[in-house]
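Scroll down for the structure; my scribbles are underneath it.
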Amino acid sequence: MALKYFFKRLLLALITFLAIYIIVFVLLANFSPDPFGDLVEKGSKVADQGKKLADLRAKYHFDQSTLARLWFYTAEVFKGNFGPIYKTGEDGQIPSLFFGPLRYTILVSLPSFLISAFLGVILGTVAAYRRDRIEDAAISGISTFFVAIPSFVLAPFVVLIAIKIGLPFEFKDPSTYGISTALASLIPPIFVFSITSVAGYVFLVRNQVITVLSSEYILIAKAKGLSKMDIFFKYVLKNAAIPLVRSLIFSYIILLSGSIVLEQFFRIPGSSSILVSAAFDGEVNISMFSIIFFTSLSLIVDIIGDLVYLFMDPRISFGNKSPISLWEKIKNWKIRNYPRKEKNNA
């Protein structure tokens with residue numbers, strides 16, 4: 001049964017990957033700027049420029065239809081070659097070009113994720129246990145405030161504070177400025193990443209814990225006379241953690257792939273700088289590699305999360321839908337907001 005479910009999820013993931021792969025390639029192939037315009041010598045004759053441009057376009061199949069280009073690109077991908085960098089003509093260098101700066105992205109996004117997830121779990125749990133009280137109102141109100149403020153709006157204020165207290169607000173390379181200065185330069189971006197992410201985790205944890213607290217087995221545990229701490233560690237923590245772990249991991253992938261604005265703002269030499277340059281330069285192969293990487297990573301984590309979710313709680317059947325599906329969200333919202341009504345009807 002588990003093997004059948006795994007292959008079913010794998011098939012769905014492959015279909016999703018192919019759909020994203022084809023759609024993104026078609027969009028990039030038709031709407032990206034011409035990458036060869038700057039490669040043609042400006043001082044040469046118009047006829048020579050046109051011939052060189054035509055040769056470059058023919059060399060990289062830009063004179064073919066979109067479907068033909070997709071076919072040529074896919075054939076090279078299956079050989080382990082993700083295409084050339086048009087600007088330099090280098091072949092096979094895209095992975096190293098992409099993964100080199102990625103370490104700087106991880107250097108900022110991973111601490112931000114750990115801090116925001118830790119605070120989100122604690123504050124969300126407190127808000128759930130103190131539901132409809134002053135603690136819940138304060139935590140939810142502050143979280144809503146930071147959800148409403150985009151990171152690029154908050155970032156300038158953080159920069160002003162950093163300048164005021166003497167912190168570097170731009171990334172400093174440790175090989176040039178030393179480790180202590182480099183670490184200090186990471187504080188402003190990590191703070192912005194964390195403060196804008198923690199609010200989402202607060203609501204996620206709060207809603208999940210309230211759903212668990214509204215369940216019948218919690219009422220039975222209370223009727224047995226178990227203390228609040230026993231109920232939390234034996235029932236609430238386990239049952240709330242099952243869907244939360246998957247959601248938190250998936251949110252980190254979103255954070256990892258969606259940090260372009262803040263990386264550019266704080267001048268962090270992460271993967272976003274490569275992606276922005278690729279978009280403006282028409283480097284379709286670099287953009288496609290990033291899509292392949294992040295899409296594959298997301299789908300793999302999704303499958304692993306499903307399997308972990310099932311094996312952590314054997315009561316769940318293999319046919320059940322994902323806990324983050326729209327229907328499950330609606331059902332959990334109903335349980336959280338109308339628990340007494342459902343109980344009376346039963």
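Each Cβ is built from the backbone N, Cα and C atoms, and glycine gets one as well.
TrEMBL has this to say about the protein:
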| type | residues | note |
| --- | --- | --- |
| TRANSMEM | 12-31 | transmembrane segment |
| DOMAIN | 102-305 | domain 'ABC transmembrane type-1' |
| TRANSMEM | 104-129 | transmembrane segment |
| TRANSMEM | 141-163 | transmembrane segment |
| TRANSMEM | 183-204 | transmembrane segment |
| TRANSMEM | 244-266 | transmembrane segment |
| TRANSMEM | 286-312 | transmembrane segment |
Range from 12-31, 104-129, 141-163, 244-266 with the greatest count of C-beta pairs under 8 A to the transmembrane segment (183-204): 104-129
Candidate ranges 12-31, 104-129, 141-163 - greatest C-beta contact count to the transmembrane segment (244-266) (under 8 angstroms): 104-129
Outside the transmembrane segment (104-129), six or more residues from its ends: residues with CB under 8 Å to it: 135-136, 139-140, 143, 171, 186, 189-190, 193-195, 197-210, 213, 244, 248, 251-252, 255-256, 259, 262-263, 268-272
